[in-house]
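Annotated features in Swiss-Prot:
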DISULFID  Cys27-Cys120  disulfide bond
DISULFID  Cys31-Cys116  disulfide bond
DISULFID  Cys40-Cys126  disulfide bond
DISULFID  Cys52-Cys95  disulfide bond
DISULFID  Cys55-Cys73  disulfide bond
DISULFID  Cys56-Cys91  disulfide bond
DISULFID  Cys62-Cys104  disulfide bond
DISULFID  Cys119-Cys137  disulfide bond
REPEAT    24-81  repeat '1'
REPEAT    88-145  repeat '2'
REPEAT    152-209  repeat '3'
SIGNAL    1-24  signal peptide
Amino acid sequence: MAIYKVALLLLFGMILLASDFEHAKACTKECDTRIDFGICPLLETKRVEGLCTNCCAGKKGCKYFSKDGTYICDGESEWVSEKNNNLKKACTKECDTRIDFGICPLLETKRVEGLCTNCCAGKKGCKYFSKDGTYICDGESEWVSEKDNNLEKDCTKECDTRIDFGICPLLETKRVKGLCTNCCAGKKGCKYFSADGTYICDGESEWVSEGENDLQKSNVAIS
């Protein structure tokens, strides 16, 4: 019986270890010599406690944790209409008992009216709506160089007549210089550039525990 219990404990430990590796992949500590600086969002966050939610119903942009600060998951749902904050997809209303609190971005937004744009040319991070507040789409384009704010991909210049206004994040950014990092170890949300302002890549790593706000994949310094 004792051997059986030990075997179960070992199996449980291996499952937890495998789960940790699933969330994180190894990054080298080498400096990418092309990278000179990064432009990163300067975000405030709020801690939301006493939650009854689950990973599916949790809000996109929020990270959910257990009582001891262990990362559980990222939220998967987002609002689809300015008029009602319903989930985009069907999720159960059951509470995930592992989740104790969430860390969510505290974002200001701006309403942009009188638009002539389309879903392809619309800005990433913006949500576009019809005149009556019905959700149309998320913008798909982002700037690819600090020097010129061109679209990342080829989009038509035609107006999507369904789109009347957009809700866009009002973000502050910070410029981080003197970096020794690489694309894998760079922070998610940051864009990395060469000395002449040419876009190199987006960072790929994010923190997974509130108690330990280090990079998920590496200890390469980014700030």
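Just so you know, glycine gets a Cβ as well, placed from its N, Cα and C.
Projection of Swiss-Prot feature records onto the structure.
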residue	record	CB count, 10 Å
Cys40	disulfide bond	20
Cys52	disulfide bond	11
Cys55	disulfide bond	16
Cys56	disulfide bond	16
Cys62	disulfide bond	21
Cys73	disulfide bond	19
Cys91	disulfide bond	15
Cys95	disulfide bond	12
Cys104	disulfide bond	18
Cys116	disulfide bond	11
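Cβ neighbour count for Cys120 (disulfide bond) (all protein chains, 10 Å cutoff from its Cβ): 16.
The disulfide-bonded residues recorded for this entry are Cys55, Cys73, Cys126, and the Cα of Cys55 lies nearest to that of Cys95 (disulfide bond).
Non-local contacts of Cys137 (disulfide bond) by the CB criterion (under 8 A, 6+ apart in sequence, same chain) comprise Cys119, Gly122, Lys127, Tyr128. With DSSP classes pooled into helix, strand and coil, the tally for the repeat '3' (152-209) is 0 helix, 20 strand, 38 coil. Least crowded of the disulfide-bonded residues (Cys27, Cys119), judged by neighbouring Cβ atoms within 10 Å of its own Cβ: Cys119.
Cys116 (disulfide bond) has Cys91 as its nearest neighbour among the disulfide-bonded residues Cys27, Cys52, Cys91, going by CA to CA distance. The two recorded residues Cys126 (disulfide bond) and Cys120 (disulfide bond) have their Cα atoms spaced 12 Å from each other.
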